[in-house]
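If you scroll down you'll find the structure; I have some questions about it.
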Protein chains: 2
Amino acid sequence: MTQRYQVLLAYDGFAYHGWQKQINGLSVQEVIEKAFEKIHKQKTSITASGRTDAGVHATGQVFHFDADGKISEYGYEQALNTILPKDIRVLKVKKVSAEFHARFSAREKRYDYVLTRKKNDPFSYRYKTKVRDNIDVDVMRKASRIFLGKHDFTSFTHAKIPENKPRVKEIRNIVITEEGQDIRIRFEADGFLRYQVRMMSAVLIRAGEGKLTEKQIQAMLDARDKEAVRFNAPSEGLYLVKVTYDPEFAISDDSET
Amino acid sequence: MTQRYQVLLAYDGFAYHGWQKQINGLSVQEVIEKAFEKIHKQKTSITASGRTDAGVHATGQVFHFDADGKISEYGYEQALNTILPKDIRVLKVKKVSAEFHARFSAREKRYDYVLTRKKNDPFSYRYKTKVRDNIDVDVMRKASRIFLGKHDFTSFTHAKIPENKPRVKEIRNIVITEEGQDIRIRFEADGFLRYQVRMMSAVLIRAGEGKLTEKQIQAMLDARDKEAVRFNAPSEGLYLVKVTYDPEFAISDDSET
């Protein structure tokens, strides 16, 4: 009998060449699949909600895998967290029906982009993007409204997307909050194109620094042209925070309450 | 003409074998002295307020060095932060009189020890010490009063201190605060013995977890015996936050206001 498991995962992406396996560097996926090989004594492939790029963090990545069902949810949590390095942590393992697919069942995603005004902070460079002291958060908030709703985001991706693949995404919410010297931009959408959050963040930062007007940003979006936006905010500020599924597949860290 | 400079410094100590130069690993001192060698084209030795152990962080370490006085304070700030790795940052450079000595002029030090209740957090293991969810902060606060005032802290050091060296330190303040799932223990004293803050923290953690009573802690202190305390909290939770000097030698990060 094959049993499908759903896993909630957090990682500090600084040391990794992104989620997806590749030849030129260690990926999060590879490290986890090697841990499964130790547990199962055979190769096990895992499928995530989506890949994250090099240096990007996750507090709520989700993946699934199939196994023979002999190991309990708790058994996997303990085994994985024992084998995995400290910068990759399993928050929850759940048995699910075979209908569940970490990517195709996803209904909504939340990414946060974190900025800091702190100068010369040795604790920030892995986790936050440095911005000018005088960045105007209200200007950022106003500019962010341009992105709300359903739009063709071709201008906000560098990826080579096949012509027939939809580039329309629905941004449902953008909330910008300040915590001390940090600024957090929260994006919620039905999904995001590759680099979309970092390119939108780069544009909002430039708006807050007075280098881009709302009119210019609107024109970028309207252009639907991969060459229209030439900014990409650094990976270290980006966090995959939550993947939302239908209620039967909801997963959360018990300790978060 | 020899000019003395005072430097305020922050570092993420995770990657370093402590402040002091040694043969078996890279130290913060060594990295900074190499940066000075690039700037001065000759060896320059630096003297800190005190050493920090492997993995210990600093948000307010202070050191001094002597040079010919041709480079401005701002010039050193820029040059050092260009050469130094991102986990070591210079916050301020100040010309001072030759009477200033980073160690001997120090009047007070503040160290913070940071705990977290967060389970499976890939962002904590370098910076915070994991404690039980049900740790009782009020019990910790009550127990911390035992340390206040002037005491012989022989029981709270592992170091081989020569018989004639004073082991009496005056703890002027201990403040325990909670921020979300984190707990911060702030210690202020005229100085600390080696390992003292980590050993006091380990004892306070055990008090909060119900494993040590106030009576037992008082007996440990009264013992004045290097074998009396067998606990040492891990280095990753410890931060050298501030070294206080007489007003003429006060130094602070301008951006902190």
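Here the Cβ of each residue, glycine as well, is placed from N, Cα and C on the backbone.
Caution: TrEMBL annotation is automatic and unverified by curators.
Got these off TrEMBL a minute ago, pasting:
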DOMAIN    B:10-104  domain 'Pseudouridine synthase I TruA alpha/beta'
ACT_SITE  B:Asp53  active site, nucleophile
BINDING   B:Tyr111  substrate binding site
DOMAIN    B:143-246  domain 'Pseudouridine synthase I TruA alpha/beta'
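Explain the structural surroundings of these features, please.
In the three-state DSSP assignment, the secondary structure recorded for B:Asp53 (active site, nucleophile) is coil. Of all Cβ atoms in the shown protein chains, 17 besides its own fall within 10 Å of the Cβ of B:Asp53 (active site, nucleophile).
The secondary structure of B:Tyr111 (substrate binding site), as reduced to three states from DSSP, is extended strand.
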What whole-number Å value do you get for the CA-CA distance of B:Asp53 (active site, nucleophile) and B:Tyr111 (substrate binding site)?
13
Over all shown protein chains, what is the count of other CB atoms within 10 A of the CB belonging to B:Tyr111 (substrate binding site)?
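24, counting other Cβ atoms within 10 Å of B:Tyr111 (substrate binding site).
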Mind tallying the domain 'Pseudouridine synthase I TruA alpha/beta' (B:143-246) by DSSP state, helix then strand then coil?
34 helix, 31 strand, 39 coil
